[in-house]
Structure formats: structure tokens, C-alpha cells
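Positions annotated as Na(+) binding site by TrEMBL: GLY33, ALA35, VAL36, ASN40, SER290, ASN322, LEU387, SER391. Residues or ranges marked as disulfide bond by TrEMBL: CYS138-CYS147. Feature annotation from TrEMBL assigns transmembrane segment to 25-44, 56-78, 99-126, 204-224, 236-255, 283-304, 316-341, 378-404, 425-447, 453-471, 492-516, 536-559.
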Amino acid sequence: MEEKAKDEETADGPKSNRESWGSQLEFVLTMIGYAVGLGNVWRFPYLCFRNGGGAFLIPYFLSLFLMGIPMFFLELNFGQFASLGPLKIWRMNPAMKGVGMSVVLITACIIVYYNVVVSWCVYFFFASMTSQLPWSDCENEWNTCRCRDTTMNTSLSFPWHNDSRLAQDCINFTNTANKTTTPAEEYFLRRVLRRTEGIDHGGAVLWDVSLCNLLAWTIVFLVIARGVETLGKVMYFASIFPYVLLTALLIRGLTLEGHSTGIDFYLTPNITKLTDASVWSDAAVQIFYSLGICQGGLIAMSSFSSFKTNTLRDALIVPIINCGTSFYAGFVIFSVLGFMADRKDTSVANVVADGPGLVFMVYPEALAQMPVAPLWSILFFLMMTMLGLTSQFSATETVLCSIMDEFPSLRASRLRTAGFRASGCLVLFLLGLPMTTEGGFYLFYLIDNYVGGLPLLFAGVFQIIAVIYVYGVGKFKKDIEMMLGKRLVTKVALAFFIPMWCFVTPACLMGVIIFKCVQLKPLAMESYVYPDFGNAIGWISVSACILIVPGWFIGYYCYMGGGRLLAEVNSPKMKWGPANPDDRGERYKLPDYGVYSRDIMENESKVTPHQVEPILGVDSRVEGEAGAGADNLAYKET
């Protein structure tokens with residue numbers, strides 16, 4: 001019987017086989033790498049440009065302190081307290097497990113298309129290893145007669161090759177003033193993406209891009225093969241080196257003619273923009289997306305921390321560094337855009353672009369005009385690749401560790417764990433293949449716009465409802481005090497965070513959600529308007545991520561018998577609490593011994609803590625540490 005008890009304890013997972021960080025610094029560096037990603041470089045600078053320059057910093061930092069840091073602190077404490085991933089942690093409230101399913105599903109969607117972007121960075125990185133960048137002129141087989149070298153003011157460069165698509169382009173080419181394209185633009189659209197006419201024209205798989213995607217997934221697997229044990233060590237280099245490259249690029253940008261024009265454009269505030277609700281909405285969504293809030297990563301990574309880790313310190317350091325990096329990256333980008341505007345004798349507003357256009361068309365165009373262009377291009381795309389991968393490491397581990405928490409036998413041996421992680425990365429790679437086809441960019445843009453917005457905001461609202469209102473802010477406050485102690489700094493922090501959690505943060509979230517719902521319209525990309533079936537795919541994705549929460553709640557309530565009180569359905573399981581028995585204290589203390597009874601324990605979710613008592617010493621007696629796995633105990637309803 002004793003041997004049986006030991007087996008069950010091991011199978012329960014979090015106590016015996018779950019990894020942990022080698023040091024607190026590893027955790028902080030991993031969190032920085034997770035939060036700081038491609039969006040800091042390609043999204044934030046454009047949002048500043050579009051939303052009033054320096055004025056955008058006001059709603060951005062307000063969103064950080066009213067929503068970002070409170071949610072960040074909540075998730076760190078949630079995961080660290082129970083040492084469980086985004087799915088298993090909902091033993092705190094089994095009826096709300098749909099919230100965990102939602103965030104894991106959102107993250108799975110994000111890492112599939114996010115790695116495609118990383119593959120583009122890898123592609124450009126290798127393409128830069130030449131004496132002359134392939135997008136530096138118009139004399140290539142993929143160029144059209146619309147291509148114009150930016151160093152030329154009026155003349156056009158006509159490539160030598162014969163191409164049917166080129167012929168059609170030339171026939172339709174009538175106004176050179178507004179229909180010219182740059183070599184970098186044509187390289188990305190016609191050579192890398194080979195983009196078709198729309199999402200309904202899928203085209204063939206781009207095997208060169210797919211191989212870059214496979215390489216990126218291989219790197220992800222090698223880093224997380226042994227979980228946080230290897231991840232933490234890699235992050236000593238991977239999370240710091242991009243800052244070295246970012247600084248080198250900034251120094252180079254500040255030596256270029258016209259850099260001050262770009263920086264002035266970046267920082268000059270347009271206060272009138274603050275009256276536009278979309279500015280505040282953009283700030284809130286950017287904070288949620290860039291910090292990784294409501295994507296499960298914060299819960300998953302903090303679950304590997306020791307019980308007494310100072311979450312307050314981490315919840316301030318990581319978000320502030322993340323937002324500081326976004327602001328810092330803006331100087332890197334706009335110093336070069338100022339150089340571009342100076343070379344073209346135009347305004348910075350005429351050269352700036354959003355998202356992929358900024359990183360893969362505008363910035364490469366500027367790189368091609370610098371002395372020693374291949375070197376700077378290699379450094380830039382190495383930085384972008386590393387920024388993308390550091391976010392991928394933690395996000396992928398989040399999805400995989402969530403599944404392993406649900407099926408603890410996957411942690412039975414290192415070989416089995418590595419095999420599961422390899423299989424998971426392979427499946428995620430295959431899911432991304434449609435985005436590496438000739439029409440894949442349309443699918444990428446579709447999923448990015450639909451999944452990366454509303455689902456994150458709804459997940460935040462659901463999470464606050466479950467933790468703060470249903471579980472109770474009073475209980476959660478005591479849980480935090482168990483970890484941080486009842487020090488003055490903890491009391492002061494909670495005096496700020498509790499009103500945020502109860503009122504301010506959910507009110508802000510609902511305001512942004514309502515605004516975004518009012519502003520909804522069919523998706524368009526430049527002049528291309530997505531067909532109805534494309535928008536249907538987007539809404540199916542959004543619905544799957546959001547409706548799984550009420551769907552699970554209703555299904556669980558019916559499974560429990562329907563007529564039960566909601567208070568019973570929303571009560572924690574018996575095993576809820578700190579994973580280590582020494583940390584459970586009197587609040588979560590379990591009996592020292594009991595009788596193992598599998599048939600009762602399989603239905604433990606129907607038994608709430610205040611309704612149970614241990615069945616003592618009937619047949620074989622199981623003795624051990626207090627709370628050493630609730631599966632060693634049998635309970636009956638009282």
C-alpha cells in the first residue's frame with residue numbers, strides 16, 4: 001500500500017517531477033525575453049507615429065500602470081502560489097478551467113504565426129551574407145518595371161529578364177509618380193513571400209521559407225528539450241545580446257544624416273490625438289500583447305519559481321524593462337527613417353510603415369544604402385531573430401507544460417518528456433505550413449489581427465472574475481501574504497493592487513472591449529479587402545478562444561448535477577494550495593494519513609473542502625508528510 005501511495009504522488013506531478021529555475025536571475029531574464037519581442041521593434045514605433053508621437057506615451061504608460069502591471073502581478077502570484085501551469089491551476093475553480101483553455105489556445109495560435117515571422121527574419125539573415133544585398137537594386141529576376149532604386153530621383157530601372165507577370169505589370173503601368181516600388185519591397189513581396197492575389201489563392205508551399213521555419217522550430221526544441229533547466233541557462237545570453245545589437249544599431253543610426261529629423265518626428269507630441277479613443281485602445285492592446293498578459297506564459301514560468309520568490313519586484317522590473325525597450329527601439333527605428341526621408345527628400349511620414357512592412361521593406365531599404373550594408377543587415381536580422389526566438393521559447397514551453405500538467409505521465413522520464421516536446425514542436429510546425437505558402441501571408445495577417453486583440457482582453461476579464469470575484473480578493477490577498485510575508489511593502493503594494501483588480505483594471509478592459517466591438521469592420525490589408533469566408537475564419541478563431549470559457553462552465557455545471565449551488569461548483573478542489581507541504585501552513589494543511597480509495601478520489605471534484613473528512617485506519621494505513629499528495633487520502637461527504 002505504501003508503494004502504491006508513492007506511485008500516486010509521483011503521478012500527481014507538480015511536487016516530484018516538475019522542474020524549477022536554477023536561480024532567480026534565470027527567471028527574470030526569461031521573463032524579459034518572453035515579454036520583449038518583435039512587437040517592441042515593429043509595432044510600438046509605428047503606434048507612436050500614428051497616435052501622436054510623444055503624446056502616445058501618456059496612454060501607453062497609463063495602460064501599463066492601470067492594467068499591465070496589475071495583471072502581471074496577479075498572474076505571477078497565481079502561478080507561483082500553486083506551482084501549476086495555466087490549465088491545472090484551475091483546480092482552484094474547476095468550473096472556470098475554460099479560462100485556462102482559452103489562454104492556452106490563444107498562445108498556441110500566436111506561436112504558430114509568430115514563428116513564421118521568425119522564419120522571415122532567418123531568411124533575411126542568411127540572404128544578407130553576400131557582398132551586395134539582393135534588395136539593393138532592381139536588376140533581379142523578381143523585379144518589375146515599377147521598381148525604382150531609391151538613390152535615383154526620376155529614372156526607372158527596367159530589369160533584363162522576360163516574365164509574363166512583368167509584362168502585365170508594364171502594360172498597366174501608367175503613372176510612375178504613385179505606382180513605383182522599391183527593391184526591398186519587391187524582394188519581400190515577390191521573392192520571399194511570392195504573394196498571390198488573395199487568401200483564396202493559396203499557391204504552393206515556399207520550401208525555402210518552410211525550411212527556415214523548421215530551423216526556427218528546431219532551435220526552439222533544442223532550447224526547451226529539458227524544460228526550464230536548459231531554457232534558463234540559454235537566456236543568460238539570448239535575452240541580453242539583443243540589447244548589445246540594438247545599441248550598436250542605434251549608434252550607427254545616430255551617425256547617419258537626417259537622424260535628428262526622424263527622432264524629432266518620433267518624439268514631437270500631438271496632444272489633440274489624445275481625444276481619439278482609438279489611441280487609448282491601441283495603447284491597452286499593445287500593453288497586453290507585448291507583456292504576454294493572459295497568454296499563460298506568466299503563470300507557467302512563475303510556476304517554476306520557489307514559493308517565497310519576490311513577485312512584487314519581478315512584476316515591476318519586467319514590465320518597466322519591456323516598455324523601456326519599446327521606447328529605446330523607437331530611436332533605433334526612427335533615426336534610420338530620418339535618414340531614409342533625407343535621402344528621398346521627403347517627410348518621415350512618407351517612409352514609415354507598420355508591422356512586417358517596417359521590418360522587411362522599409363528598414364532593409366535603409367540598410368542597403370549604408371556603407372558595409374551586409375554587416376548591418378546581418379546584425380539587424382540576427383537581433384530580430386533572437387528577439388523572436390526568446391519569446392517563442394517561453395510561449396512554446398507554456399503550451400507544452402500545460403499539457404504535461406494534465407498528463408503527468410509525460411514527465412515520467414527525461415526521454416519521454418523530450419519526445420513529447422519534439423512531437424509538440426513538430427505539430428506546431430505543421431500547423432504553420434499553410435502560412436508558408438504563396439498565399440500564406442493573407443492567413444498570417446488574418447490570424448494576427450483577430451486572435452491578437454479581443455480574445456486577450458476577454459481572457460483578462462474572465463481571469464479577474466474567476467480570481468478576484470469568485471475565489472475572492474480576500475483569499476487571494478492572504479495567499480500573496482503567505483509568499484511575500486506581511487511586510488510594510490507588501491501591505492502598501494496590495495493597497496494599490498486590490499482596488500486596481502476590483503474596479504479600475506476590469507473597468508478599463510471592458511471599456512476597450514466595447515470600443516473595439518463598436519469599431520469592428522471587415523478586415524482589409526492595404527487595398528485588399530478580405531472576402532466573407534476569410535472574415536468567417538477570423539471570427540471562428542475568436543469565438544473558439546472566447547466561448548470556450550462559458551461553454552466549459554455550463555458543461556461542468558451540468559456534469560456536476562445541475563441543481564447544485566453555484567458556490568459549490570466554483571469551490572476549489574481538495575488539492576488546491578502550495579505544492580510543497582512545508583508551504584501549505586494551517587490554511588491549506590491536509591491530514592497526515594488516510595486510506596487510499598481510487599473510486600472516491602476520481603470524483604474528488606464533486607467534494608468541496610468544507611464537506612470532507614478523512615477515513616482513518618480501516619485497512620492498510622498510509623502514513624507520510626502532511627499534504628503529500630491528496631491522492632493518498634480518501635474522503636467521504638459529510
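In case you wondered, yes, glycine gets a Cβ from its N, Cα and C as well.
Structure with TrEMBL features highlighted.
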| residue | record | DSSP (3 states) |
| --- | --- | --- |
| GLY33 | Na(+) binding site | helix |
| ASN40 | Na(+) binding site | helix |
| CYS138 | disulfide bond | coil |
| CYS147 | disulfide bond | strand |
| SER290 | Na(+) binding site | helix |
| ASN322 | Na(+) binding site | helix |
| LEU387 | Na(+) binding site | helix |
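Recorded stretches compared: 56-78, 99-126, 316-341, 425-447; the one with the most Cβ pairs under 8 Å to the transmembrane segment (283-304) is 56-78. A distance of 38 Å separates the Cα atom of GLY33 (Na(+) binding site) from that of CYS138 (disulfide bond).
By the Cβ criterion (under 8 Å, sequence separation of 6 or more), the transmembrane segment (492-516) is not in contact with the transmembrane segment (204-224), since fewer than 3 such pairs are found. On a Cα basis, CYS138 (disulfide bond) lies 35 Å away from VAL36 (Na(+) binding site). Taking pairs at least six residues apart, the transmembrane segment (316-341) and the transmembrane segment (99-126) share fewer than three Cβ pairs below 8 Å and do not count as touching.
Relative to the transmembrane segment (204-224), the listed stretch 99-126 leads the set 99-126, 236-255, 378-404, 536-559 in CB pairs under 8 A. Cβ atoms within 8 Å of the centroid of the Cβ atoms of GLY33, ALA35, VAL36, ASN40, SER290, ASN322, LEU387, SER391 (the Na(+) site) belong to the same-chain residues ILE32, TYR34, GLY37, GLY39, GLY292, THR325, THR390, site residues excluded.
Taking CA atoms as the reference points, ALA35 (Na(+) binding site) and CYS147 (disulfide bond) are 38 Å apart. Counted over residue pairs 6 or more apart, the CB atoms of the transmembrane segment (25-44) and the transmembrane segment (236-255) come under 8 Å in at least three pairs, which marks the two as touching. Long-range Cβ contacts of SER290 (Na(+) binding site) within its own chain (separation 6+, distance under 8 Å): ALA35, VAL36, GLY37, GLY39, ASN40, ARG43, PHE44, ASN322, CYS323, SER326.
For the transmembrane segment (536-559), the list of distant contacts is 94-99, 101-102, 105-106, 109, 446-447, 449-451, 454-455, 458-459, 462, 523, 530, 566, 569: same-chain residues at least six beyond its ends, Cβ to Cβ under 8 Å.
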